[in-house]
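Input: a single structure, listed below in structure tokens.
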Amino acid sequence: MKIIDWNQLDTAAQAQTLTRPAQTIATQTREAVAALIEQVRRGGDTALRDITARLDGVDLATFEVTAAELAAAATAVAPELQHAMQTAAARIEAFHRAGMTNGYRVETAPGVVCERLVRPIARVGLYVPAGSAPLFSTALMLGVPARLAGCREVVLCTPPSKDGRANPAVLLAARLTGVTRVFTLGGAQAIAAMAYGTASVPTCDKVFGPGNSFVTEAKQQLAQAGVVAIDMPAGPSEVLVIADAAANPAFIAADLLSQAEHGPDSQVLLLSDSDALMTAVQTALALQLQQLSRAEIARQALAQSRLIKVATLETAFDISNRYAPEHLILALRQPRAWLHRVAAAGSVFLGDYTPEALGDYCSGTNHVLPTGGAARAYSGVSVSSFQNMISVQAASRSGIAEIGDCALTLARAEGLDAHANAVALRMGTVP
């Protein structure tokens, strides 16, 4: 990673510096996903068996994990990992429970009462990937808020291993969080199955979870077609670090690499006003890379990442808000004093001893976050992601007499005579 001096760049070069790795979906991928979706829509379970055999190399008679298999999963997971998962789930629940939205009721005028009701989405689908490694942590991050929201049915799909079984840790996470049904299905076909429903897989109202380019494309296509709602735009993982001269370069290098190892299309950025720190981070990166099992993946990600020298930390925050990172680390001496400058980020990590990896696993916050700049308008998954907000209003005879003239004036100004008539008829019955 080379050091770039922000002040030496013109406007076009600055924009180019903040450009993320090209995320254009190849026409071939888009067409392949569309074909898979259509195959599942038309063929249901039969199509799912054919696709699973072709893409996963597994012949499955049934997709659903039995209650006995779920119960047995705990015996296949090491006690230390079980304890860690239980601890993480408890912290995730504590954080998400504290932020739950309550309904409210307010009288907006004499005789006019407006309310907001909070209702769970009836049936939700969770996707837990298992590419280079089964992400049982994602099952915790999605399953806990779904349970707190009160969803009647929570469906989870995760790819089968070569023996046709789901990963035991994923099954344990599903059991810990109260997931109601689990299916060994992966890829775009799993998303299509939850969106359209099959004889085995129930139709879901909303689908959550990360995945590869096929999963992401399937979610986008099905959402754009109005078939199913999705959690948020998805994309490769990213982190932006703002650091001062006193930050620990080894810590920063470790945080950058923890994101870079996700995939070659991940992006990491370091912004600092200290040349010495950035040089030290370069050295630390080279040393730590030698010890990583996924070093080659991390190197590819670092090749399209940036070390950006800024004149002031204020400028660093302006750049960060423009970039809107998924993860933002403030490696500063008084990080909380700078928090008011953060306007767009998925999740923020304060100080030298809050690595992003804590948020990935067990601090309690959710790691399913907006990427690709979507943090300017989207938030990470929360309990409210699994709920609907329903508005209610009730006007008495005196209430419509109180506000009816306002409605008549507005309706007539918009030329909507039927709207005006619906109010006027009622006002005519008020003594």
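The backbone N, Cα and C atoms fix where each Cβ goes, glycine too.
Keep in mind it's a predicted model, so treat the numbers as computed, not measured.
Listed in Swiss-Prot for this protein:
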type     : residues                                               : note
ACT_SITE : GLU326                                                 : active site, proton acceptor
ACT_SITE : HIS327                                                 : active site, proton acceptor
BINDING  : TYR127, GLN189, ASN212                                 : NAD(+) binding site
BINDING  : SER237, GLN259, HIS262, HIS327, ASP360, GLU414, HIS419 : substrate binding site
BINDING  : GLN259, HIS262, ASP360, HIS419                         : Zn(2+) binding site
Inter-residue C-alpha distance, GLU414 (substrate binding site) and ASN212 (NAD(+) binding site) (nearest angstrom): 47
Cβ neighbour count (within 10 Å, all chains shown) around TYR127 (NAD(+) binding site): 29
Same chain, 6+ residues apart, C-beta under 8 Å of the C-beta of HIS327 (active site, proton acceptor), given in sequence order: SER237, GLU238, VAL239, LEU240, GLN259, ALA345, GLY346, SER347, PHE349, GLU356, GLY359, LEU369
Spatial neighbours of ASP360 (substrate binding site) that are distant in sequence (at least 6 apart) but have CB under 8 A: SER137, HIS367
Sparsest-packed of the listed binding-site residues (GLN189, SER237, GLN259) - C-beta count within 10 angstroms: SER237
Distance, HIS419 (substrate binding site) to TYR127 (NAD(+) binding site) (CA atoms, angstrom): 44
Fewest Cβ neighbours within 10 Å, where candidates are the binding-site residues HIS262, HIS419: HIS419
Among GLU326, GLU414, the one of these recorded positions whose Cβ has the fewest neighbouring Cβ atoms within 10 Å: GLU414
Tertiary neighbours of ASN212 (NAD(+) binding site) (same chain, Cβ under 8 Å, six or more apart): PRO129, GLY131, GLY187
HIS419 (substrate binding site) and GLN189 (NAD(+) binding site), Cα-Cα, nearest whole angstrom: 46
C-alpha spacing of HIS262 (substrate binding site) relative to GLU326 (active site, proton acceptor), in angstrom: 13
